[in-house]
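Read the structure below first, then the notes.
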Amino acid sequence: MNGLLEGPQSPLLEDTVVGAIDNKGRPARRSTSGRWRAACFIVGAAVAERFAYFGIEANLINYLTGQLGQSTSVAAKNVNTWFGVTALLPLVGAFVADCYVGRYRTIVAASLLYVLGLGLLTLSAVYSSQSLSDCQNTEKIMSCSPSRPQVLFFFFSLYLVAVAGGGHKTCNQAFGADQFDGQDPEECKAKSSFFNWCSFCLCIGLSVSMLTLSYIQDNLNWVLGFGIPCIAMVVALLLFLLGTDTYRYSIKRDEKSPVMRICKVFVEAARNWRITPSSEKVIEEGDPGTLSHQGSQEFKFLNKALLVQTCFEEDGKACSVSEVEEAKSVLRLFPIWSTCLVYPIVLAQSSTFFTKQGMTMDRSVWSGFDIPAASLLAFISLSIVLFVPIYDRILVPIARDFTRKPSGITMLQRIGIGIFLSSISLVIAALVEMKRLKTAQEHGLVDMPNATVPMRVWWLVPQYVLFGLSQLFALVGLQEFFYDQVPNELRSVGVSLYLSIFGVGSFLSTFLISAIEKATGGDGQDGWFNDNLNRAHLSYFYWLLSGLSMVGLATYLHFAKYYTYNKAGVS
């Protein structure tokens, strides 16, 4: 009997993925689950979701300034605030996914909420269209402001989409990366490529979304412009459900919430901060090998969580070594997190002021056809689509020969390159805006905000392309870094920390716009964000952001230089 078990069991054990199960609760088999066969369903759902999301986000500023009649600066702040909330909510989604329902169920629930939010958004556009049709007897449709209930209904629907995105975005890529076993050499390489090719596919979806939906919204109607993303989200849900039988699901190893474990470390360290060596006892139990930084000397104040006061020893309140190391691994990320906050402030301009710039320029392609200004955002995605194969198949192997690292360059190096490129993009944007203002002056269009400045919109393309290359390096690097450098059970939290950079950055962008508007727009002066862009000074704003970006990059490089990777992130 033993011989019968030993013979066939060995290949079965080799085929089993440690720490993963299938949808029926059985140990996941390498040959029938996970890898690209499962990741393709997840990527397909993510592409449809990004198509839907950016169909709303890319042209939102034009809806706010057009259908809702808001000023340019107010609309820009509303876009940044909404995007900020959308990027911060993944922290909640990650907590729910990692601690309670799991990534799979979170994605399904978020998708259903997405469909509801987009459906309500479409309905709000129907009401808005009906209100505008009742104002046709006025000289300007723009003078007809929507009622307060209509505005509230629109923003309720919009923020419902944000809540849904908080659950979907935080889990989708983390769940996709879970389909690759980091302990297997071949699957480890595939996981590194997963982030590149996932971005490649997402950018195809973004490009199609921006080129088609922005045209529909500007030239047909907003009901279709919001309705099509709703249909796309239904497709995303169906695609995701189709792959259910192929997915690998992580085993929850500890009944205690990983987030609660980390919080406990900070609480116990704070409780014990006054304890002296004579009245303390070190609790040395824990799961060995949980992290590569066992016994590290960083953040020594957290070691207090390992101590128990003698009088309370029976309470068993001390944390284990592995729990303290988990807390340290998360805390170690925050210098990188904080020094990257300028980067999303820079990126926020592509969907706000860049779009408004394009609205003033010559956008004609042929007689009677003008491209939507928001469609220029497609150049960000197209540059990523074109460059990903070059990066993954040519640059990485070349860099690998020099650095001997599987990924060619480290994640932190990749992020730094992306931040640098975004700063250069703003320099170009400032120079182009200076030329646009000069052209408006030369043709006497300064006081004619609705006139087309005789300058081709293609002048804006280089800054969009550089933004795309910047995102290929920085965004993908940040995704991989925050996924890779946290404990296994906290990877949704890691992805949400990456997304929270853009949430906080968007709020900082809103604050910066408000402060500059207040400082420059008083006493009848032409503020930097004047509704008449020919009298505004967007170039000043771009120069300021470029300078802030360079300062942020210098600070980032300082902390990145001293960062020590966990073993999984050495590459």
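Cβ from N, Cα, C; glycine included.
Below 8 angstroms of C-beta separation, residues 57, 60, 106, 110, 158-159, 161-163, 165-171, 257-260, 344, 348, 351, 489-497, 499-507, 510 of the same chain, each at least six residues beyond the ends of the transmembrane segment (81-100), sit close to that stretch. According to TrEMBL, the feature transmembrane segment maps to 81-100 (among others).
The transmembrane segment annotation in TrEMBL covers 107-127 (among others).
According to TrEMBL, the transmembrane segment annotation covers 147-165 (among others).
Annotation source TrEMBL lists transmembrane segment at 194-216 (among others).
Through the fold, the transmembrane segment (222-243) approaches residues 38, 40-42, 44-49, 51-53, 55-56, 59, 63, 67, 107-108, 111-112, 114-115, 118-119, 121-122, 124-126, 128-129, 209, 213, 216 of its own chain, all at least 6 residues removed from its boundaries and within a Cβ separation under 8 Å. Residues or ranges marked as transmembrane segment in TrEMBL: 222-243 (among others).
For 371-391 (among others), the entry in TrEMBL reads transmembrane segment. Sequence-distant neighbours of the transmembrane segment (371-391) (same chain, 6+ residues past either end, Cβ-Cβ under 8 Å): 54, 58-59, 62, 196-197, 199-200, 202-204, 206-207, 210-211, 214-215, 217-219, 350-351, 354-359, 361, 363, 365, 457, 460-461, 464-465, 467-469, 471-472.
The transmembrane segment annotation in TrEMBL covers 412-432 (among others).
If you look up TrEMBL, you'll see 464-483 (among others) marked as transmembrane segment.
Here TrEMBL flags 495-516 (among others) as transmembrane segment.
Listed as Cβ neighbours of the transmembrane segment (540-559) (distance under 8 Å, sequence separation of 6 or more from its ends, same chain) are residues 335-336, 339-343, 345-346, 349, 353, 415-416, 419-420, 422-423, 426-427, 429-430, 433, 516, 528-529. Feature annotation from TrEMBL assigns transmembrane segment to 540-559 (among others).
Between the transmembrane segment (464-483) and the stretches 107-127, 147-165, 194-216, 412-432, it is 412-432 that has the most C-beta pairs under 8 angstroms. For the transmembrane segment (147-165), the residues of the chain that approach it from at least six positions outside its boundaries are 53, 56, 68, 82, 85-86, 89-90, 110-111, 113-114, 116-118, 120-121, 123-124, 127-128, 131, judged by C-beta separation under 8 angstroms. Within its own chain, the transmembrane segment (194-216) has Cβ neighbours under 8 Å at 39, 43-44, 46-48, 50-52, 54-55, 58-59, 173, 176-177, 180, 224-225, 228-229, 371-375, 377-378, 380-382, 384-385, 388-389, 391-392, 468, 471-472, 475-476, 479-480, counting only residues six or more beyond its boundaries.
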